[in-house]
Amino acid sequence: MEHHIRYDAAQRALILLDQRLLPTRQEDFVCRTTEDIVTALQVMVVRGAPAIGVTAAWGCVLAAYEAAEAGDHWHPVLDGLLERIAKARPTAVNLRWAVDRMRKVWKTAGHAPFATLISLWESEARRIHRDDIEINRAMGRHGAALIDEGDTVMTHCNAGALATAGYGTALGVIRGAVDAGKKISVIANETRPFLQGARLTAYELHEDHIPVTVACDNACGHLMRKGMVQKVVVGADRIAANGDAANKIGTYSVALLAREHGVPFYVAAPLSTIDRNTPDGDHIPIEDRTPREVTHVGDTQITPDGVPVYNFAFDVTPAALIAGIVTEVGVLRPPYTESIAEAFRKAGLE
């Protein structure tokens, strides 16, 4: 499943599989402008930190074509469009990371002709896209060692191929274990209110013939108490320098339950998701989404008119609850301030 984000150079379009419609319908959402990209990000046509980063990189290419219509004044126009993309969603650090990486290419190009910049940016976006798949497969190999034969692994939200350029982070670890010949099964928490676990994780694993059972979010403690969960593996949208990890709302509760029941809790994320400029989880911005995602199921209203809603998209799991962070350079262990710094040195990213 590596074709849900496709760039068509001839059409100057980014073609996204519309994840809002899965698993019952498979339709494309075509982006030709900056606003198309921003809309796709905000309404979650595409979601998941690495996939958001890849989409943003290709969005920069579309923004360049759009800015070219301003003639000689395209530089400031392009700058504004890039910032519009970078601010589309606040929590996933890969969004700003990808835009900044494209900006760096622009800066290096200096006053090169527009056609040269487009060529450089298409190459860089393609590299970001390709590298993400390779990074996820590396994480899968490292993380597979954490999963034992016969394990049932719980995961929350969707950190699979659909949340990345391909293969997945948390689901990459699960796929890595299966590729290593281990017979395992998965519990996918439904993940209210957007139901990424029920709709997307179950869809991916079922398509790959990996045994998966969907559980309502409130069943986590019961399942662990009954000994039905041996490991928990989740993804992350931003990891602070101290190892605190922001992931889909409800992850913190799962981590607390895992500690109570002695179930190892792991986070799988590329180094690009680690924000060393954010000291701890208290400094991670948390997106507050539209109340309608909670007040309605489809077109059916389920709450009384006028009742306020909390719809935080993410929460922060403290580093103390995380047994290990699976990255492309290996599994990081506490104390994370030290192991994160060492991982960046190992990757040559100091």
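The chain as shown is numbered from 1 upward.
Cβ from N, Cα, C; glycine included.
What Swiss-Prot annotates here:
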type	residues	note
BINDING	ARG47, GLY48, ALA49, ARG89, GLN196, ASN247, LYS248	substrate binding site
SITE	CYS157	site 'Transition state stabilizer'
ACT_SITE	ASP237	active site, proton donor
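The structure, with features from Swiss-Prot marked on it.
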residue: ARG47; record: substrate binding site; DSSP class: coil
residue: ARG89; record: substrate binding site; DSSP class: coil
residue: CYS157; record: site 'Transition state stabilizer'; DSSP class: coil
residue: GLN196; record: substrate binding site; DSSP class: helix
residue: ASP237; record: active site, proton donor; DSSP class: coil
residue: ASN247; record: substrate binding site; DSSP class: strand
Item checked: Spatial neighbours of LYS248 (substrate binding site) that are distant in sequence (at least 6 apart) but have CB under 8 A -> HIS156, CYS157, THR191, GLN196, VAL234, ASP237, ALA313, PHE314, ASP315
Notebook entry, point to check: CB neighbours of ARG47 (substrate binding site) within 10 A?
Noted result: 26
Check: Which number gives the other C-beta atoms within 10 angstroms of the C-beta of CYS157 (site 'Transition state stabilizer'), all protein chains shown included?
Finding: 30
Notebook entry, point to check: Using the Cβ centroid of ARG47, GLY48, ALA49, ARG89, GLN196, ASN247, LYS248 as the reference point for the substrate site, which residues of the same chain not in that list have Cβ within 8 Å?
Noted result: ILE52, ALA92, CYS157, ASN158, ALA159, ALA163, GLY235, ASP237, ALA313, PHE314
Margin query: Around the C-beta of GLN196 (substrate binding site), how many further C-beta atoms are within 10 angstroms, looking at every protein chain?
Written below: 28
Notebook entry, point to check: Over the residue list ARG47, GLY48, ALA49, ARG89, GLN196, ASN247, LYS248, recorded for substrate, what is the maximum interresidue Cα distance in Å?
Noted result: 17
